[in-house]
Amino acid sequence: MSGLIQAAKSLLLLEFVSAFFLAMRQFFSPKPTINYPYEKGVVSQRFRGEHALRRYPNGEERCIACKLCEAICPAQAITIEAGPRGNDGTRRTVRYDIDMVKCIYCGFCQEACPVEAIVEGPNFEFATEMREELYYDKEKLLMNGDRWEREIARNILIDAPYR
């Protein structure tokens, strides 16, 4: 009996017909790709992109020069030099450099920071033609923080219950 069923399947080309209908169903289904750079995909709030230094609402930078991010960085991409902030004896960063060529975007610096000063923002479009442009200094990091502060604050607020 199984020989008769096998002969009927091969005579009627059932495998071919089922494969054809499968191909047609996939052909007319919506495409999962997007037309980048004209269309942007959705980025998760936990996405780890370009680094940024944040400021307090009064404009003062958040970094207290504790150097925890420098100590925990597995790629040794962060360099910090501390100096006195003012007459009150607190410290501030005189130099804060990140070598983005070395960075592996692990997020340890963001997790180690006690005041949420260094964060990895939502920006993933920072390609460059010059290697020197991937050495971020304090001014570049603060500029990134000012540019992306709304999105960064929203993402931290959304992710706060899970930390």
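Glycine is treated like the rest: Cβ placed from N, Cα and C.
Record features, source Swiss-Prot:
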| type | residues | note |
| --- | --- | --- |
| BINDING | Cys63, Cys66, Cys69, Cys113 | [4Fe-4S] cluster 1 binding site |
| BINDING | Cys73, Cys103, Cys106, Cys109 | [4Fe-4S] cluster 2 binding site |
| DOMAIN | 53-83 | domain '4Fe-4S ferredoxin-type 1' |
| DOMAIN | 94-123 | domain '4Fe-4S ferredoxin-type 2' |
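Distribution of Swiss-Prot features across the structure.
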| residue | record | DSSP (3 states) |
| --- | --- | --- |
| Cys63 | [4Fe-4S] cluster 1 binding site | coil |
| Cys69 | [4Fe-4S] cluster 1 binding site | helix |
| Cys103 | [4Fe-4S] cluster 2 binding site | coil |
| Cys109 | [4Fe-4S] cluster 2 binding site | helix |
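Report note: the [4Fe-4S] cluster 1 site is defined by Cys63, Cys66, Cys69, Cys113, and the residues of the same chain whose CB lies within 8 Å of the CB centroid of those residues, excluding them, are Ile64, Ala65, Lys67, Leu68, Glu70, Ile80, Cys109, Ala112, Pro114, Val115, Ala117, Ile118. Ranking the binding-site residues Cys73, Cys103, Cys109 by C-beta neighbours within 10 Å puts Cys109 at the top. Cys66 ([4Fe-4S] cluster 1 binding site) and Cys106 ([4Fe-4S] cluster 2 binding site) have their C-alpha atoms 19 Å apart, to the nearest angstrom.
Of the binding-site residues Cys63, Cys66, Cys106, Cys63 has the largest number of other Cβ atoms within 10 Å of its own Cβ. Along the domain '4Fe-4S ferredoxin-type 1' (53-83), the predicted structure has mean pLDDT 95. Sequence-distant neighbours of Cys69 ([4Fe-4S] cluster 1 binding site) (same chain, 6+ residues apart, CB-CB distance under 8 A): Ile78, Ile80, Phe108, Cys109, Gln110, Ala112, Cys113, Ile118. Neighbours of the [4Fe-4S] cluster 2 site: apart from Cys73, Cys103, Cys106, Cys109, residues of the same chain with C-beta atoms within 8 angstroms of the site's C-beta centroid are Cys69, Ile72, Pro74, Ala75, Ala77, Ile78, Ile98, Ile104, Tyr105, Gly107, Phe108. Across the fold, the C-alpha of Cys106 ([4Fe-4S] cluster 2 binding site) and the C-alpha of Cys63 ([4Fe-4S] cluster 1 binding site) stand 20 Å from each other.
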